[in-house]
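Note sheet for the following structure.
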């Protein structure tokens, strides 16, 4: 009987004893026969061995996890012996399955669930005991698989919940036995369409009495194919709801007119998107106000002549009007000549009189020709809420009067008769609403006594009227009424923006729980879930619990209204900033007013002043406030003009000195950064009896906040807040923060800064509670839900990245900390890298790069520009995608669009490349890819020298003027000449295909950068275009090192994490690997070490030269110190002012 030795899944070791009888013929070999417990010996496997092998390991195509027997047959020249006794059954060990499940099918009938089913692999392919299945799934564009272990063998179908709607998923299923999973079966499925998230209404425009135009942007998450929008508006007076369905072009920003509305009526507008998955949530309600329209006709009560050229008029305001009737038109018709005169009566020329239960309007009109019959009628004028237009109403019924000059006297006999010109019977020189007076005036026959009595009575009435009118000022009482509480309407110009201010609901006390720092990131994830649904709920709840009973009476005083940029953005009385009374303004009431409020910080009273953007009439007040409050930092978060509307006036001097009242403001310096600008001023009070020393004030002006919404990138906002807050020294006055109205963006800044202080001190964050508190100090702070989310996202960024800015001299130590392996076997470098590349763009983020007509223009589909920072070139009419080029704007340290990173042009995109150069005025091109002559992929894309290339559009022609090859690089000078005018563009291309070189120290990577920076400074009119093969890692390194070098030289710091995170968000994938990220730190460190060595060598040479002049004696240390050249950043004049000295040093702090 054969004996079984060691077993493996496909082999067995067997040994046996030799046959005892040879039957006169020696045994030549042995035959091993193997069969399973279901086969017969004939069908089994067999293998022949030589005579000397009696203990062998066979490879007889055994299968894993299978039961076998074997026997031995001896063979000689005569034939085969009888088989031996079979061995005992043995089972081969298991191994992983060798076949995937079959017939894998994935379907999705529910937008959040994928259903999969499959068949078991063939039994003989499982190779062990089937334990279940491993199911893996991933979004197709991410390929990061989630794993489900399905430990059932009786069922071959499974639901995968929690997937994204309308997203392609890759599905993999593998069988599992005791040895592990086998090969996978693959399937792909696109999940069913789901309901879209909420769109966002951005603004309302074109407000007329019957129409408004609604503007919105598509939902952040569409979850399918966008089919239509439902636009709904609700009349807040009647509750009537109307709905309109919008089809057609639905991408990007959308607008739609709503018509047939009632005048001067508030509507709540909302919109929702519709996909194949159903109707999404409605957007937040957005208030829309229709314009006023023309009033009805007034009613004339009295038209009384006063003297020979004036008439006194009294009338009732129209019964029907909208909001108010500010002015009136009075039309006089001379019935003798039919000459018509129309006079506009503004508020200051009429008086509103209240008597008992009646209110009327009266005015006197002079300078009318006398001895004339007149008709008069009156119409009201109502001022539009949104522009300078006035709506004229219907005229009243005509009334008639006669203006009499001197009386005509005729003599007959002994009598003297006084006569009057003929007056039509329906005319009267006095028209009175009292019927009895009218009857008396219309009597046909009067006695002389009665006539005399009437004349005397008239004279008495006229005299009384003159006294009455003289005693009462005709300057009207101005009744302030906000045109529309939700609209920010300018008070100082004829331009009426449609800025919307959300008014909170009645105050209800509410306390919100604090969130621990360690829980905050997860807390924000929960708020962002389900398309930011919980953010909407929380922000709405904050609005409902905001107090609305706080008074702002001072802002609404007549003499202060002109100091408010918007009529409904006022300063609460209890927290407003009081200006010191000016001696020359003692007779002017409320000269202490400015539209500004103190706002508390974290554990600091009056940490900020929130104010509106200054107007020309308030420049002096603004600078007085800055001086009196001892403020050092001004934060400005608006542009002067946005969307063609004035948001703020330039209240600072660009150069030199400006005098605003008693305050002299002198411009000292300006420092530009990619996302903000810092201006430095000195302030003096020129009228102070005791001259105080000049005070330095910094204005931090954030320049990258869009006209609507919030910035695309959170990190620059966070850095701006940190830099500006850090510039405010201990003991200084409040930080003055303003945007346009001083509420929305201003509140966002304050919340971010205050919450950073709280989390550092207390380890907790409570945004809604703090917002409720500061809204009691200035109304409407944090104006939109997007701003509320931005605060949370900025704090998450702060917690994730901490402080990544590294000072020169500490870079090597920082690199050591980054690369040290920690207890969890990871490094800080790896964690930083994972954070900065965590952003995974969606397909919509890459629009229009992945449109069908643009895909052929991309060398690599994964390296394309994000929508927000793509470079657009002029469109060719009728050609889809003609404005697309695979190029991305990247920031430098001082400019937001300092670089354009692009791929090596393909044959089909050469013209687009040069159109981009022309359109963006780029004077420098850096080519880091190589030209391979024997390949067609990376071709030469410029003309030969003196052989012009006519660009197909015919706008310009391109000529290579000169080419020069050097050791490090090759330069080519190009001339782009317009074919339509005299404009020319000189562009220099620097080619260096082996940058950065592997055989040189890392610091040498900056040699090329230094050279090109010098070239660019000579003609800095547009972005530097950086070209590598794919617009990827190499070009990114070049831009990042250039920017880091600028930061190092300006601020003596670097922040590579900040830079790379923004680069990745603008062109995902260009950071490369962890090694590429580390290269940037190492290169800057090498550069700093190299500069230090050069500085040391320079100092040594200086000492040697000094020593040689002393006949071999060593110089004394004090002499060396005194002779070191002054830093060029410091003023040369020993008597420079403190302000100038501070200016020269300030840049390193901004």
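In case you wondered, yes, glycine gets a Cβ from its N, Cα and C as well.
TrEMBL labels come from automatic prediction, so no person has curated them.
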Examine the ranges 1067-1108, 1109-1150 and name the one recorded by TrEMBL as region 'Disordered'.
1109-1150
Need the matching range: TrEMBL marks transmembrane segment on one of 420-444, 445-469, 470-494, and I'd like to know which.
445-469
Using DSSP, what's the helix, strand and coil tally for the domain 'Fibronectin type-III' (100-194)?
3 helix, 55 strand, 37 coil
Looking only at the recorded stretches 1-95, 195-293, 829-1087, which one has the largest tally of CB-CB distances under 8 Å to the domain 'Tyrosine-protein phosphatase' (535-798)?
829-1087
Mean per-residue pLDDT in the domain 'Fibronectin type-III' (195-293) works out to 90
